[in-house]
Amino acid sequence: MATVQPHRVRPGRGIELGLLALALAIGIAAYALVGIGVTGEVPADVVGYGVGMTVLGLGLHAVLRWRAPYADPVIMPAVVALNGIGLAMIYRLDLAEDASFATRQLGWTAVSVVLAGAVIVLLRDHRTLRRYTYTAMIAGLVLVVLPLVPGLGAQINGANIWIRLGPFSLQPAELGKIALAVFFAGYLVTNRDTLALAGPKVLGLQLPRIRDLGPIIIAWAASLAVLVSERDLGTSLLFFGLFVAMLYVATERLSWVLIGLSMFVVGAGVAASAFPHVGARFDVWLHALDHDIFNRSPGGSGQLVRGLFGLASGGLFGTGWGAGRPDLVPYAESDFIFASLGEELGLTGVLAILLVYLVLAERGMRTAIGVRDGFGKLLAGGLAFVVAFQCFVVVGGITRIIPLTGLTTPFLAYGGSSLLANWIIVALLLRISDDARRPPGVVQGHVAATPPHGSPAPVQIVGSAGGPARPSRSAREAEAPQASDTRPTERIDEMRGDDA
Amino acid sequence: MNTPLRRLSLVVVTMFLVLMVGTSWVQFVQADSLNNDSRNVRTLYREFGNPRGPIIVAGTPIAWSEPVDDAFGYQRIYAPGALYSSVTGFYSIVNGRTGIESAENDVLTGSSDSLFLSRVQDLITGKQPQGSSVELTLNPAAQQAAWDALGDQVGAVVALDPSTGAVLALVSTPGFDPNSLATHDIAAARTAYSDLNAAPNDPLVDKALKGKTYPPGSTFKLVTAAAALESGQYSADSLIDAPDELALPQTSATLRNYGGASCGSGGQTTLSDAIRVSCNTAFGKLGMDVGADAIRDQAKKFGFDESLSIPMSVTKSYFPPNEDLDPAKLAKSAIGQQDVRVTPMQMAMISAGIANGGEVMTPYTVATVRTADLDVISQTKPSVFRRAISAQTASALTDMMVSVVDSGTGTSAKIPGVRVAGKTGTAETTSDQSPHAWFTGFAPADDPKVAVAVIVEHGGSTGNEATGGKVAAPIAKAVMQAVLGS
């Protein structure tokens with residue numbers, strides 16, 4: 001254990017303000033350049049747009065100063081930059097296609113930022129969420145199956161992942177992933193020892209007991225059910241990836257990951273051979289440029305290949321805002337916005353965007369490592385991973401690294417549910433990062449007055465932890481900051497292995 | 001849980017590295033092949049998105065790009081419709097491009113290397129790059145005259161300026177309307193193309209330059225006569241055998257004159273008269289006497305067996321090799337039958353060479369290329385293609401050709417007040433089809449301004465009764481008159 005060095009922790013709000021100014025400048029300049037590139041003049045509403053985005057950004061910044069002064073200063077500006085670049089590209093495609101997606105996306109951005117602020121204000125301590133572990137499970141499952149409810153679900157572009165409420169179409173699975181992350185975090189922090197320590201060891205791999213496989217089998221089955229019934233390879237991959245990642249973080253058992261991956265591969269393989277629409281995706285992936293597959297309808301590779309053409313024409317430096325033809329790619333503003341950006345900003349532009357995502361995800365991971373309670377670690381780690389993984393699945397699909405699925409690029413792509421859900425994820429990460437970065441002794445408002453004992457006491461579960469204690473574990477856990485005197489619950493959480 | 005979180009962070013970094021490599025792979029490594037994929041419409045859109053330069057004849061654009069409000073930005077328009085179709089070709093989204101549109105694509109789009117400096121200027125000044133204009137050598141009156149004179153008949157006309165090689169008229173009938181192929185209505189463009197492709201008499205084939213080549217018939221006698229004169233053993237007044245029937249060695253067949261007529265008296269005639277009345281038996285015999293090598297060499301000097309680009313490519317004309325020529329076949333080849341094949345352009349070059357004192361000039365259709373600012377980028381300088389015959393031979397042949405028009409087979413090419421030189425041809429094809437009617441010549445004979453070649457496939461409207469003199473000579477006359485009148 002390292003000696004705790006007393007040093008002044010900088011809340012980072014000043015840094016955040018500077019980065020926010022940069023992020024806003026990028027977004028607003030992009031918006032103005034789109035107008036210049038397409039019509040030859042600065043768009044008339046750039047001032048209104050700029051003021052709107054600035055008010056939203058500064059508003060959230062103020063909320064952070066007020067309620068989460070130690071929150072990570074990089075996360076929010078990174079997201080504002082991505083959101084702004086996405087808006088500029090959606091506006092650019094509006095000009096090309098005579099559509100009005102940008103206005104709606106701007107509306108959704110406002111709603112999302114306000115909601116994110118509300119989450120930060122209302123959720124004083126992320127551990128409160130642990131109380132709702134099973135509520136979250138039910139909410140998550142309901143959200144996932146909602147599109148299957150007759151009369152509510154709507155099939156759009158061949159996937160049953162939408163519900164229609166009056167004029168709005170929502171993808172409930174986007175919100176479902178947050179609920180499931182909360183459930184996984186709560187469930188796993190309670191049951192991690194059982195999953196980690198029980199079971200035979202074969203070839204150096206600690207295998208789980210059959211009965212402990214229950215939850216992973218349920219998650220696997222649920223993912224496949226989503227895949228088959230809602231024709232949504234992306235969401236099922238996302239949920240399953242989230243679950244496996246969190247399971248690994250909770251148990252440190254590589255065997256879980258291997259079992260999980262092999263189950264998914266087998267399941268997907270069976271699904272590919274049993275269901276034509278899944279099989280078609282594999283054909284498209286492997287033989288995208290074949291003439292027959294390019295022209296096949298439905299289920300041809302036309303969209304994918306047109307996206308590749310767009311990326312290729314962008315080359316290293318891109319055509320510049322408004323100077324390419326991203327509108328030649330179907331769904332250029334949603335599923336394929338990455339290809340649109342690749343065409344106009346070039347390889348350099350999209351590498352910069354990917355780096356912003358990477359910074360965002362790593363800041364989330366850093367938050368998970370820094371926070372002192374197991375639930376927070378799992379939740380932050382899971383949420384950060386899910387954002388990164390979603391990027392990987394979408395961009396990997398567009399660049400033909402993996403089969404194409406129907407997910408949206410977080411913050412960039414057009415889509416209200418996606419924007420809303422991802423901004424809530426950001427709010428949760430900010431909330432947890434405030435906890436992670438707050439120096440010991442600094443107590444925030446009511447949190448100290450309401451000790452987290454109110455949550456379902458993990459202490460009761462301690463007894464159920466089976467298996468032998470492994471001395472190495474305490475050494476490893478000792479890496480976690482131990483300055484948690486004010487947090488008895490978490491202390492027990494972390495020390496459980498030793499207690500058993 | 002920090003150890004697995006750190007490892008998970010590494011997994012996240014790895015995922016993004018994979019994405020970065022994958023994106024670089026597409027945008028850098030694969031970019032070229034994707035950009036050149038025939039299904040990638042972006043290249044075409046980029047071309048269409050810039051104003052393409054006009055094609056200009058005598059100061060008037062005959063093809064230009066007009067801004068339109070659709071995905072492509074500019075619509076190519078061909079003003080006189082089909083009249084210039086054999087020269088301009090077409091420029092289409094779905095059907096590609098042909099003719100000048102294809103051959104001069106680089107300068108029309110402005111992407112030619114010769115435009116590098118002006119592109120750099122555009123880049124610095126922020127001006128939208130524009131294609132250059134291509135000015136053709138065509139004479140609108142001659143083009144119109146050729147088009148009108150051919151009318152509904154299937155055939156081709158080529159007119160050259162003998163002293164420079166500039167193409168004055170280039171017509172192939174039936175023509176086609178390039179506008180129907182250049183339309184941005186993709187379905188309509190496709191239909192138009194497949195209709196034209198399936199239409200009788202191949203409107204999409206430029207009969208003046210390529211596609212099929214034709215037996216030249218008696219017009220080839222100019223080459224045989226040139227070979228004889230160049231050999232030094234013959235002059236215009238040399239007496240040569242001209243039997244009513246020429247027995248072809250090693251066969252039971254005989255060669256006869258058109259309509260079974262006899263030429264000359266006593267079975268002999270002068271070379272000059274043999275040309276004037278287009279005596280088959282005399283030239284059959286002369287061919288065998290002069291020999292295959294001499295005729296082939298002479299043909300090559302006029303341009304046979306050589307591909308040209310003017311800048312559209314011209315199919316090679318053909319004279320058979322020795323191993324395919326027994327004496328009988330040689331006799332038939334010497335009168336332009338058997339396997340001899342020519343393009344109308346080649347025939348025009350022969351007349352132009354004779355008109356130009358024996359020197360064949362390289363034919364060309366592009367006079368000047370100018371930037372959008374009218375700066376001249378390139379101007380075609382006339383160049384000598386080859387000296388085909390001596391000036392003496394040229395002069396002798398000219399006199400013979402004048403007699404063809406004055407009092408021989410080509411009298412219908414006579415132009416009042418102008419000495420016209422010419423040679424007719426009636427080329428037998430298959431036994432069940434009428435012969436092709438040919439005429440080639442130039443005018444005025446003493447100071448040639450225009451050389452012309454005309455073919456009317458299968459006798460045109462005259463059918464079986466057709467001869468070069470009846471069908472093709474009037475067309476040549478119209479074209480020559482148009483040039484001389486302007």
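Placement of Cβ uses the backbone N, Cα and C atoms for every residue, glycine included.
Lifted from TrEMBL, the feature list:
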type: COMPBIAS; residues: A:487-500; note: compositional bias 'Basic and acidic residues'
type: REGION; residues: A:443-500; note: region 'Disordered'
type: TRANSMEM; residues: A:17-40; note: transmembrane segment
type: TRANSMEM; residues: A:46-63; note: transmembrane segment
type: TRANSMEM; residues: A:75-93; note: transmembrane segment
type: TRANSMEM; residues: A:105-123; note: transmembrane segment
type: TRANSMEM; residues: A:135-156; note: transmembrane segment
type: TRANSMEM; residues: A:168-189; note: transmembrane segment
type: TRANSMEM; residues: A:210-227; note: transmembrane segment
type: TRANSMEM; residues: A:233-249; note: transmembrane segment
type: TRANSMEM; residues: A:256-275; note: transmembrane segment
type: TRANSMEM; residues: A:336-358; note: transmembrane segment
type: TRANSMEM; residues: A:378-399; note: transmembrane segment
type: TRANSMEM; residues: A:411-430; note: transmembrane segment
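Listed stretches A:17-40, A:135-156, A:168-189, A:233-249, A:411-430 were compared with the transmembrane segment (A:46-63); the greatest number of C-beta pairs under 8 angstroms is found for A:17-40. Using the rule of three or more Cβ pairs under 8 Å, pairs at least 6 apart in sequence, the transmembrane segment (A:411-430) is in contact with the transmembrane segment (A:75-93).
Through the fold, the transmembrane segment (A:233-249) approaches residues 144, 161, 173, 176-177, 180-181, 184-185, 188, 195, 216, 219-220, 222-224, 226-227, 256-257, 260-261, 264, 268, 278, 281, 368, 377-378, 381-382, 385-386, 389-390, 393-394, 397, 403, 405-407 of its own chain, all at least 6 residues removed from its boundaries and within a Cβ separation under 8 Å.
Touching of the transmembrane segment (A:378-399) and the transmembrane segment (A:105-123) is ruled out by the presence of fewer than three CB pairs under 8 A, sequence neighbours closer than 6 excluded.
Here the transmembrane segment (A:75-93) has Cβ contacts under 8 Å with residues 16, 19-20, 22-24, 26-28, 30-31, 33-34, 37-38, 43, 53, 57, 60-61, 64, 99, 101-102, 105-106, 109, 321-322, 326-327, 332-333, 337, 340-341, 344, 353, 356-357, 359-360, 363-364, 409-414, 419, 422-423, 426, 429-430, 433 of the same chain, all six or more residues outside its ends.
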